[in-house]
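> Provided herewith is a single structure, encoded as structure tokens, for subsequent inquiry.
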Amino acid sequence: MVAPGSVGSRLGAVFPFLLVLVDLQYEGAECGVNADVEKHLELGKKLLAAGQLADALSQFHAAVDGDPDNYIAYYRRATVFLAMGKSKAALPDLTKVIALKMDFTAARLQRGHLLLKQGKLDEAEDDFKKVLKSNPSEQEEKEAESQLVKADEMQRLRSQALDAFDGADYTAAITFLDKILEVCVWDAELRELRAECFIKEGEPRKAISDLKAASKLKSDNTEAFYKISTLYYQLGDHELSLSEVRECLKLDQDHKRCFAHYKQVKKLNKLIESAEELIRDGRYTDATSKYESVMKTEPSVAEYTVRSKERICHCFSKDEKPVEAIRICSEVLQMEPDNVNALKDRAEAYLIEEMYDEAIQDYEAAQEHNENDQQIREGLEKAQRLLKQSQKRDYYKILGVKRNAKKQEIIKAYRKLALQWHPDNFQNEEEKKKAEKKFIDIAAAKEVLSDPEMRKKFDDGEDPLDAESQQGGGGNPFHRSWNSWQGFNPFSSGGPFRFKFHFN
């Protein structure tokens, strides 16, 4: 509930001349008019003073119904409408007051205020001039003169704005319109004109703001909803575009342009929603196909091409297809060098390709634009660890497999290399020592990469067989010498090797 007196202070600031109604005595009582009407008026006045606007409005509705020719009832109802922010509803009541009582200057002055805000300058000027001719109070006279000067200034500015617009000087037109709309805040046509200027100047979001205001100020404004929808569409915001075009069709279901646009946006929206659902389910190949369809469905709006490629880049990265990911992500970054999502996804692809310097560079670039992103921070730390690790022993390189190799590929590579570098194959002492070292590295690589837990540690930049990288120290529990690997069967999934190789 609004505190008593708050409505009075609000009206005093915004509609000072309406406060006169609180002191107006109901003249109809002296003429023997319906006592019920008087009761509604008095109760409504008390409720209005207490800030109970809805209840006050009900009382004034009843008073108008009881006495349709009572100007006080209309005036007080107009006051409530204005206090509720319903200027459209207040205007007819003020007009009725003036029709019933021509010399009621407070009502005419207030109507002039409303007409000025609506941009109806000729009508506003007419009201202010009539106030000055009707023997007004000193305060009313001063206010009418001030508003008349303001209305005249708005006429001049509007003429300049229209001339600038016709001359394609949209920057100047916007400057003039800015000044007018500070006063004529409810002028839908001027907001639509400024929106056109913003569109010409390449500022669609400012245009949308004006058009949204115009859609509320003018009833059944299908044109505004259509333009808002198309602007959102051009910006790549298909969901808001769909929402706005639906508002147009609610007003006119047969609107040809809105219906045609609706079908296009709905089709595109369905494809994108389907693609995102596939990504959530980890079905990256299918999602890629959907986004390729998006680009075919809307080839003329660059935003959808960029966004689609950005998501395809993400799919390739998550699906561990680094070559494709790097190619598509790079295309996105050529169009949008600061695209954080593309930078992150390309960095992940670089990690798979063991291009650590490039990954670090991408993560650092992404961090410049989003320094609080935990994923970027963790990715950068991982890339730095892997770079450091690559300068030491790299188990993937030892086995000659990619970082995203499956366990089966790892075992196959291990068996091949274990046979190739088994020390029994070498008779020369120097070659045998070299083979022993190679064989130990090959066996160590197999041990780490075939164990999910150990492999994860290594992938995160920590060598589980390196004592220096093990927290807590205390030596390397996985250290092996050649002797400990003798008798090891590279073709066994575990257990001791039961025989030695013999070569002719």
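Every residue, even glycine, has its Cβ placed from backbone N, Cα and C.
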> Among C248, C313, find the residue that Swiss-Prot gives as the disulfide bond partner of C258.
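Candidates were C248, C313; Swiss-Prot matches C258 with C248.
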> Check Swiss-Prot and name the cysteine among C313, C315 that pairs with C329 in a disulfide.
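Swiss-Prot annotates a disulfide bond between C329 and C313.
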> Quick one: sort out which of 128-146, 375-393 is the region 'Flexible linker' according to Swiss-Prot.
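It is 375-393 that Swiss-Prot annotates as region 'Flexible linker'.
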> Within the repeat 'TPR 7' (268-301), what mean pLDDT does the predicted structure show?
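Average per-residue pLDDT within the repeat 'TPR 7' (268-301): 97.
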> Against which stretches of its own chain does the region 'Flexible linker' (375-393) lie, if we need a Cβ under 8 Å and a gap of at least six residues from its ends?
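Residues packing against the region 'Flexible linker' (375-393) from afar: 340, 344, 347-348, 350-351, 354, 356-357, 359-360, 363-364, 366-367, 441, 444, 458, 460-463, 466.
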> Let's see if you can do this one: DSSP helix, strand and coil counts over the repeat 'TPR 1' (37-70), in that order.
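Taking the repeat 'TPR 1' (37-70) as a whole: 27 helix, 0 strand, 7 coil.
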> Six or more residues beyond either end and a Cβ under 8 Å away: which residues meet both conditions relative to the repeat 'TPR 7' (268-301)?
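Same-chain residues near the repeat 'TPR 7' (268-301) but 6 or more away: 233-234, 236, 238-239, 242, 308-309, 311-312, 314-316, 318-319.
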> May I have the DSSP-based helix, strand and coil counts for the residues of the region 'Flexible linker' (375-393)?
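When I sort the residues of the region 'Flexible linker' (375-393) into the three classes, I find 16 helix, 0 strand, 3 coil.
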> What's the CA to CA span in angstrom from C329 (disulfide bond) over to S274 (phosphoserine)?
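Cα-Cα, rounded: 22 Å.
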> Helix, strand, coil residue numbers for the repeat 'TPR 7' (268-301) per DSSP?
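Once the DSSP states are binned, the repeat 'TPR 7' (268-301) shows 27 helix, 0 strand, 7 coil.
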> Which residue counts does DSSP yield for the repeat 'TPR 2' (72-104) in the helix, strand and coil classes, in that order?
26 helix, 0 strand, 7 coil
